[in-house]
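Peer 1: Got a structure for you, questions after.
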Amino acid sequence: MEKSAEDKEKGTNVAVKGQAAIRPQFLTTKEKFHGFIDSEWQGSKGEKASDNDTAEEAKEICVEEPEAKKLKLDTEERTKAGNQDGKRLRGQNKSRPHTKPTAYDEKRLCLSVIQANRECPFGDKCHFHHDVAEYMASKPADIGQSCYLYSTFGKCAYGLSCRFAKAHTTPDFKTMENADLVKAREGRNPVKNSLSKDLQNRLRKRSVAFKKSEEYLKTLSNNRDKKEQQGNGKACVAEVSPNPTGGEQLLSTEAETQLQSSPDKQPPVKTVGPLTDADVIKLRPCEKKQVDFQDKLYLAPLTTCGNLPFRRVCKRFGADITCGEMAMCTNLLQGQQSEWALLKRHESEDLFGVQVEGCFPDTMTRCAELINNNTDVDFVDINSGCPIDLVYKKGGGCGLMTRTRKFEQIVKGMNCVLDVPLTVKIRTGVQEKSNVAHRLIPEMKKWGVSMITLHGRSREQRYTKLADWDYITTCSELASPVPLFGNGDILSYEDAMKARETGVSGIMIARGALIKPWIFTEIKESRHWDISSSERLDILRDFTNFGLEHWGSDTRGVEKTRTFMLEWLSFMCRYIPVGLLERVPQKINERPPYYMGRNYLESLMASQNVGDWVRISEMLLGPVPKNFNFLPKHKANAYK
């Protein structure tokens with residue numbers, strides 16, 4: 001049922017399919033909402049809002065805002081509307097600007113000057129500035145009076161280039177240090193798993209040894225050769241040999257071949273049934289690190305938004321398990337610094353894993369050995385649920401679910417080389433009406449997976465429609481005793497309670513944590529938290545401080561922090577305060593209508609206009625550069 005023009009003008013609460021139910025007194029229209037936001041913002045800057053602003057101008061302000069929910073068109077109507085292939089545009093804003101943070105620095109100070117005025121190794125060929133007075137005269141104004149890095153660690157590594165430099169700079173441009181704080185934190189490194197220069201050079205020169213991986217890959221090669229021989233009519237028939245215990249023992253073709261070549265040698269392990277080389281060389285379960293996954297709250301590995309500062313925010317609110325963003329195994333093996341940054345772990349993350357994506361047994365096995373030998377993680381996760389075309393079309397992500405043989409080789413290979421548990425994240429299947437997870441899960445148990453996470457949607461669905469928790473329940477029974485975590489549509493403690501009733505071992509939360517990171521507290525305390533706008537701004541302030549610590553407090557770090565904050569705000573704006581709802585709780589697939597908050601900040605945080613997100617970032621990170629441009633990576637596809 002659509003709203004009439006009269007209802008829209010009055011702001012009355014008429015039920016609209018796919019829209020959240022908000023109390024009538026808070027509802028408003030699009031024009032009134034943006035008129036209020038803009039007039040108040042201009043007023044706060046000391047500028048008088050124009051009384052002659054028309055509705056047309058108000059519409060121009062919010063050009064980047066997602067369109068209202070539309071009914072699904074059939075193929076003919078979509079073709080007439082201009083979409084020739086008849087497909088809906090969905091997923092990502094692929095034409096978004098890719099401006100690098102370095103582009104916002106007009107003049108950059110040489111690192112040799114920042115680091116205690118040491119001699120520049122590049123001499124006259126250096127492109128950066130060495131004249132401190134000239135640099136300070138042209139440097140943008142400081143953002144604030146105090147530097148988070150200086151007040152926390154006793155010194156700021158960014159020195160004069162810091163955007164809060166006045167807090168730790170003397171009048172003669174010398175950087176100060178707080179000796180007591182520096183001494184208190186001496187020898188303490190809060191972030192682990194950084195890529196060393198030595199390892200990076202060895203990876204680039206391909207001089208890193210993968211001994212365990214080569215052993216496993218050799219067995220795959222031998223098995224392949226023997227299958228080819230069998231295909232050529234040279235198959236060997238397994239024999240039954242006498243067993244000293246009085247029974248009979250069936251030897252595999254490989255074990256039989258070993259006996260035929262050297263009759264005096266016995267099989268390396270006595271067993272009933274086929275024996276493979278992989279069985280001989282793999283680690284025993286008792287040698288692997290044990291992790292208790294039972295009844296935990298798991299923050300999903302979120303691409304782009306699931307960065308280290310965001311995970312620290314979620315840890316404060318009670319997330320039990322955290323996982324790094326999806327990393328491409330080939331990029332890790334090539335020593336790419338940007339990819340290795342996804343493996344970094346903060347000291348507050350007590351149960352932490354990394355997620356890798358790949359489609360070939362050799363690269364995935366080597367990558368697992370590389371992670372095992374050079375990082376500190378509690379588990380490694382295989383991404384077999386990524387729906388994006390870039391990954392799927394080459395056979396990775398969801399593509400692994402249709403390539404069972406390769407999937408098996410990858411899991412067994414990674415298990416051979418890892419000293420920590422191996423977990424897998426999957427979807428229900430590729431096609432919407434063709435679930436395959438229930439057939440894969442019993443096989444995964446045989447392969448040696450320590451935990452399975454199931455997202456209750458297919459690749460074709462992406463994030464549309466509701467997650468199928470009945471199917472997750474079925475799969476949970478099939479997975480036992482291997483723990484299975486359910487994922488999909490958790491946005492309140494009531495959703496979490498219903499999910500736990502299905503018998504899953506734990507819950508993974510993805511978009512719910514982006515919309516409201518305090519969801520972990522709500523679940524653990526079994527309550528709805530009517531969080532205030534000032535408390536939400538404090539959460540963003542914590543993220544800002546963590547971002548400056550992680551990415552830096554110079555212009556480059558500030559703008560990188562801002563970009564990731566804006567990506568997060570593209571989800572956080574979907575939150576509707578509990579006190580405004582007519583029906584509690586809010587559902588994840590319901591679009592918020594236009595409403596006025598209980599104060600200006602609450603209204604500002606409800607805006608889905610990119611310009612308003614930028615305004616929020618300016619409260620914490622100062623004004624944006626003149627050439628700043630932003631478009632969120634993800635579209636609000638779940639509402640369509």
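Please read every residue number as a count from 1 along the shown chain.
Backbone N, Cα and C define each Cβ position, glycine as well.
Per TrEMBL, the features are:
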type	residues	note
REGION	37-101	region 'Disordered'
COMPBIAS	45-88	compositional bias 'Basic and acidic residues'
COMPBIAS	89-99	compositional bias 'Basic residues'
DOMAIN	104-133	domain 'C3H1-type'
ZN_FING	104-133	zinc finger
DOMAIN	146-171	domain 'C3H1-type'
ZN_FING	146-171	zinc finger
COMPBIAS	219-229	compositional bias 'Basic and acidic residues'
REGION	219-272	region 'Disordered'
COMPBIAS	242-264	compositional bias 'Polar residues'
Peer 1: Give the mean pLDDT for the domain 'C3H1-type' (146-171) on the 0 to 100 scale.
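Peer 2: Average per-residue pLDDT within the domain 'C3H1-type' (146-171): 91.
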Peer 1: Same-chain Cβ contacts of the zinc finger (146-171) under 8 Å, 6 or more residues past its ends?
Peer 2: 108-109, 113-115, 132, 135-136, 139-140, 177-185, 545, 548-549, 552-555, 557-558, 622
Peer 1: Under DSSP, the zinc finger (104-133) has how many residues in helix, strand and coil?
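Peer 2: Secondary-structure composition of the zinc finger (104-133): 10 helix, 2 strand, 18 coil.
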Peer 1: Please list, for the zinc finger (146-171), how many residues fall into helix, strand and coil according to DSSP.
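Peer 2: Once the DSSP states are binned, the zinc finger (146-171) shows 13 helix, 1 strand, 12 coil.
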